[in-house]
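All remarks here apply to the structure that follows.
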Amino acid sequence: MDAVTVNNFFLIGAVLVGMSILVSSLSSRLGIPILVIFLAVGMIAGNDGVGGIVFDNYPVAYLVGNLALAVILLDGGLRTRVSSFRVALWPALSLATLGVLVTTGLTGIAAAWLFDLHWMEGLLIGAIVGSTDAAAVFSLLGGKGLNERVTATLEIESGSNDPMAVFLTVTLIEMLASGQTGLSWGFVLHLVQQFGLGALLGLGGGWLLLQLINRMHLAGGLYPLLVISGGLLVFALANAVGGSGILAIYLCGLLLGNRPIRSRHGILHMLDGMAWLAQIGMFLVLGLLVTPHDLWPIALPALALALWMILVARPLSVLIGLIPFRAFHDREKAFIAWVGLRGAVPIILAVFPLMAGLPNAQLFFNVAFFIVLVSLLVQGTSLPWAARLLRVVVPPDPAPISRAGLEIHPTSEWELFVYHLNKEKWCIGAALRELKMPGGTRIAALFRGTELLHPSGSTILEADDILCVIGHEHDLPALGKLFSQAPDRGLGARFFGDFVLEGDAQLSAVASLYGLKLDGIDGEQALGRFIAHEIGGEAVIGDQVEWNGLTWTVAALEGNRIRKVGVKFPEGRPGPGLFL
């Protein structure tokens, strides 16, 4: 490779990445998932597009795809709160194993019939497209304001279902290549090995990396690089010993993100940029890899297969996978079924048969690419609409306009929160001494216009003041009520109900106040405890229960305890207008 070729490579790469970033603004305007934009740029630059770039190097595409997935999952793990596991771990694992098996089987049967293939080849197509994609899920769910149970289930599922899909794909390829026509029980041991070694190396490697980071004194910019290199080492080691590298690097990030770690905010900021670059690079390469005119001959059967998977296979797999978990409302199950997003993973898995030289390998790749395109366009585009229709959106916690870490000590986790005081907030016109600040927080600075003030207890707050507060992440809910204006998501003021009651209120007192019948229910228990029992599992904000003709909504939590409950009356039925 001479200097001119290298320079042309840099030129083309920079132009494609720059174009992807610039046209990404069309995503919000057109309501199209941003991943489709990146994919489209690659296709336009490819063999059939205006760019005319011929790219058919499948090993390079496999390398780029795996590297990008590793970075995206590391970033996703760092941002996942381990508290979400209390409501979603077992449901997500059920979907990641049993759900993938059901989806693979149903999709495989349809694929074999639609494309006139052997049943094992049909199952291979089902396995290739059987898992949801972490890159697509993390990208499209971010900032949508979904309730915790739905978000956590989808994110944990997407981060943990790839081992099953990879295992099924590799096993079926080996069987087809060797001429086997039946399944053996040895695949169960292989599956346990994938999950077990992936989890062990992910958590073990994450712990070792955490100890190393907190004991090393490095330049600030080196900590993110150490996290990335350590995560990739865990990913590669897990793959090398027969475990799931994808699961390992996700769990490595999860452990790092939920423990005190040096330079946390520097790591998160850099990983955010790296994850975006990984998504752009991965979907550009996959867009270049496909030849659009090869998709037209299979368009009708591939579209039928995609719709079968979206409308039949995925809903049935979710319905079966969530049978043991009664805390899930039918609305939540329907939304989880709809958001079975396919992305880069199926396309990368579709490269496996090509590298193995299987007959019909190009057909498998084209079908997988078509299904991913339909999934992103249909499911990804309709995601906000489906969330509102199925009422899985909850009012977001008010947040500061910006926040920055204060690297005092790895275990202190102090942060600086910046608030813009909206004119509608009650604190406008109040003196600072009148504010009920959370314990352990301090006002560090007050800006009025471009002027830095020296605040005292008698300083009066005015509209459009900028307030800087030092505190911890757990102080955000209380600070938000004082200073923030929650973003408008089209949710009415009555989302939680006509009145909000304390979760500690005695149930008999609530029943007496609203004229409700207990019908043998223990009236001595707290309202919050009763609602939790009716939900049937770990509660999340936004959970609803119908009781005595009224709608009871979980409005606030304190740990696992329901702290506040909203009550909503049917239209035309007045309430007593009291708070307990």
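Placed from the backbone N, Cα and C atoms, the Cβ positions cover glycine too.
Here Swiss-Prot flags 403-485 as domain 'RCK C-terminal', drawing on sequence analysis. Marked as transmembrane segment by Swiss-Prot: 3-23, 34-54, 58-78, 95-115, 122-142, 163-183, 185-205, 218-238, 270-290, 303-323, 335-355, 363-383 (among others).
Stretch with the most C-beta contacts under 8 angstroms to the transmembrane segment (58-78), considering only 95-115, 270-290, 303-323: 270-290.
Relative to the transmembrane segment (122-142), the listed stretch 34-54 leads the set 3-23, 34-54, 185-205 in CB pairs under 8 A. The DSSP breakdown of the domain 'RCK C-terminal' (403-485), given as helix, strand and coil counts, is 14 helix, 29 strand, 40 coil. Here the transmembrane segment (34-54) lies next to the transmembrane segment (270-290) in space: the count of CB pairs under 8 Å, restricted to residues six or more apart, reaches at least 3. Scored on C-beta pairs under 8 angstroms, the neighbour of the transmembrane segment (95-115) with the top count among 185-205, 218-238, 270-290, 303-323, 363-383 is 303-323. Beyond its flanks by at least six residues, the transmembrane segment (3-23) meets 37-38, 41-42, 45, 53, 277, 280-281, 284 of its own chain at Cβ-Cβ distances under 8 Å. For the transmembrane segment (185-205), the residues of the chain that approach it from at least six positions outside its boundaries are 163-164, 166-168, 171, 230, 233-234, 237-238, 241-252, 254-255, judged by C-beta separation under 8 angstroms.
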